[in-house]
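> Have a look at this one.
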């Protein structure tokens, strides 16, 4: 049980996918201008990343390795992610039309999020079992969502702040992301993986 807790804390805080591994920077910078959109993208990404990690592990373990098709791993995982995103879109559309309208634009964007593919590939490279793969995918998504929501809240405050002209827009956003990355480096001694 302690190993799973360490995996969760290590993935969310110490080895954050956005601030440490630099995966998922496109939605991190693009969707984080408003807190509501960042929260919606975070929820959708959490669901997709967790489910894609599980499906990718199952396909790799039950199909690719037994048939010696490991060279198709990246292509297979991209297809798995696309199918999971489409499945998620269909389920959300049928079960909650309000949530579908809220997340409508974000669901197709998750297909191109490199963090989702990165989690699936890292699960295999790190030799995780089924439970570890599911937890790693969920933890990476929680870390992604946490950082994106924090960044969106900071950007909303910066939008009304008196920022010097050369630093307005993307410049102050990149400086803020760098400072957040430095702040998360403070967690580096917390867990040794």
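Including glycine, each Cβ sits where the backbone N, Cα and C put it.
Here Swiss-Prot flags 5-25, 39-59, 63-83, 102-122, 134-154, 171-191 as transmembrane segment, drawing on sequence analysis.
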> Which of 5-25, 39-59, 134-154 has the most Cβ pairs closer than 8 Å to the transmembrane segment (171-191)?
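Maximum Cβ contact count belongs to 5-25.
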> Could you tell me what the rest of the chain brings near the transmembrane segment (63-83), counting residues at least six beyond its ends with Cβ under 8 Å?
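Answer is 48, 52, 55-56, 110-111, 116-117, 120-121, 124.
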